Amino acid sequence: MTDNPEEPLIANSQLAEGGDRHEDNHDIEHAHDPRPGKHHISPPGLFIWLLTFSAGISGLLFGYDTGVISATLVSIGTSLSSRPLTSLDKSVITSCTSLFALLVLPFASSLADDRGRKRVVLFADTLFIIGALLQAFSHTVEMMVVGRSVVGVAIGAASFVTPLYIAELAPATHRGRLVTMNIVFITLGQVVAYIVGWVFGTYGSPETTGWRWMVGLGAAPAVAQVVILLWMPESPRWLVKEGRSEEARGVIARIAGTENDAQETRREVDAILKNIEIEVREEAMATRFDGAGHGGNAMSAWKEAMRELFRVRRNRRALAIACLLQGLQQLCGFNSLMYFSATIFTMVGFSEPTLTSLVVAVTNFAFTLVALVLIDKVGRRRILLWSLPFMMTGLVLAGYGFSFIELPDSETSSPKTTGAQGGAIIILTSIMIYVAGYAIGLGNVPWMQSELFSLNVRSVGSGVATATNWSANFVIGLTFLPLMEALSPSWTFVLYAVICAVGYGLISRVYPETAGLSLEEAATLLEADDWGVR
Ligand SMILES: O[C@H]1[C@H](O)[C@@H](O)[C@H](O)[C@@H](O)[C@H]1O
């Protein structure tokens, strides 16, 4: 495979394998050809940006609700069940969110196929609002756990459907950037949560109402998104699958914009619509469950799609890659920092650990913006292979920094060793290098997962990959503190570096470049014997 993402990444002969598909695809290839001067696709217009921003509110909520918990836990005091929180309370309150995010995925993906992508966004918003209110008004630990679990369901559904919805609306040439916008919103939500947590924790009356505002504020963007949803269109790919091609044409035409002359725009819209229709038709013929989703039982259609996911080679490969990337995104240990950075910086001896930990959220956000600029130019595969070495370097350096520090007996006392200050600076710097590397690559590329799957399994495939993400997230959240104790902080960070190194090897063997390809082309690439890598 070429290393230059500006070059066509799929040979005509590969597309021709489908027989009449080649003829049908002639116009389409031009419409999607990423080479400069060869394509007629306009840059994303105002409409697609507005859509991405509207959908991105889900990302903001995802980030806010995952980020806000660390400050909330230290502010609750005795206001729940009239006693201080035990460690078990804290673990349950934190981890029930990831667990429920995981549990909802099969339902969210079948709902997305059966009722459409927009309905799932609405479903998630409703739960974001209910969950925020339940938390804000809770007086017992149990009620707080229920509130966090409801928010978990919302986060799980949103984390699955938003990238899918944006990817299905976006023109091929800008898809990476637009999907990355969702991660920009997630990381922005985390920054906002850290700031809100710090402000209410420092200047509010944290134990009485401060923390209630922190969690309750999560309802506001969800209410805004419900209103905005009224004008948002359904995904054209889903509409075609439902036999509503004329509506799909309308949506594609609005996305294509009016920058080209009318005739050219019409050709472009026709080509894109035709491409989607061909794929839907081919899949209906190739699969045994012709017409699944057209009024059939949602559960049996879902089961059939699952079977298809594992039966067909290109689907299996897409799934393996998507799960590899999602698993690695979490097992590399990033969210240990997101959830416990204040604890780490306290251990290391910083006087304002919550403020210092803001560095993690801000670096993550800032470098996600860098990824936004680079992703479609550099390509997914290359950006991952470039950024992973930075992550490994950061992790090993952090491990080295920890070797200077003899940990205090309790989290609140200061470290004892003389080299501690130098160690602390090494740790802070190396964590920034690691987070920057993460944000540029692994933090966002796995969410491009939907472009790996063909339409009939796109929703279930993305669902399984997202479930991998949440399972690994749950494992990391649960094991980080015990690992620090059992292995020492130095070796815990080295362990994450080893996981990144293994990930590097696997990615270079199985993950082909998909930048600039239409969703249909990207799925075809996986048929090749070499997984499309060369
Ligand atoms: O892509 C996001 C992002 O990187 C967030 O910062 C992280 O907390 C999430 O787990 C991840 O899925």
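Using N, Cα and C of the backbone, Cβ positions are placed for all residues, glycine too.
According to TrEMBL, the compositional bias 'Basic and acidic residues' annotation covers 18-36.
Among the features that TrEMBL reports, domain 'Major facilitator superfamily (MFS) profile' is placed at 51-515.
What TrEMBL records for 1-39 is region 'Disordered'.
As annotated by TrEMBL, transmembrane segment applies to 45-64 (among others).
The transmembrane segment feature in TrEMBL is assigned to 91-108 (among others).
With a cut-off of 8 Å between Cβ atoms, the residues of this chain six or more beyond the transmembrane segment (120-137) that come close are 55, 58, 61, 65, 108, 111-112, 143-144, 146-155, 157-158, 160-162, 165, 212-213, 215-219, 221-223, 225-226, 229, 232. TrEMBL lists 120-137 (among others) with the feature transmembrane segment.
Summarising the annotation, TrEMBL assigns transmembrane segment to 149-167 (among others).
Under the heading transmembrane segment, TrEMBL lists 179-201 (among others).
The transmembrane segment feature in TrEMBL is assigned to 213-232 (among others).
Residues or ranges marked as transmembrane segment in TrEMBL: 318-342 (among others).
Here TrEMBL flags 354-376 (among others) as transmembrane segment.
Per TrEMBL, transmembrane segment is recorded for 383-405 (among others). If one looks beyond the transmembrane segment (383-405) by at least 6 residues along the same chain, the residues whose Cβ comes under 8 Å of a Cβ in the stretch are 325, 332-333, 347-349, 371, 374-375, 415, 417, 419-420, 422-427, 429-438, 440-442, 445, 488-494, 496-497, 500-501, 503-504, 507-508, 511.
Here TrEMBL flags 425-447 (among others) as transmembrane segment. Tertiary proximity for the transmembrane segment (425-447) is limited to same-chain residues at least six positions away from its ends with a CB under 8 Å from its CB atoms, namely 163, 179-180, 182-183, 187, 322, 325-326, 328-329, 332, 334, 337, 341, 344-345, 348, 350, 356, 359-360, 363-368, 370-371, 374-375, 380, 383-384, 386-391, 393-395, 397-398, 400-402, 404-405, 465, 469, 503.
Per TrEMBL, the feature transmembrane segment maps to 459-481 (among others).
Sequence annotations record features per position, and here TrEMBL assigns transmembrane segment to 493-511 (among others).
Counted over residue pairs separated by six or more positions, the transmembrane segment (318-342) shares at least 3 Cβ pairs under 8 angstroms with the transmembrane segment (493-511), which defines the two as touching. Beyond its flanks by at least six residues, the transmembrane segment (45-64) meets 121, 124-125, 128, 154-155, 158-159, 161-162, 165-166, 169-171, 174, 178, 181-193, 217-218, 221-222, 224-225, 228-229, 232-233, 254-255, 257-259 of its own chain at Cβ-Cβ distances under 8 Å.
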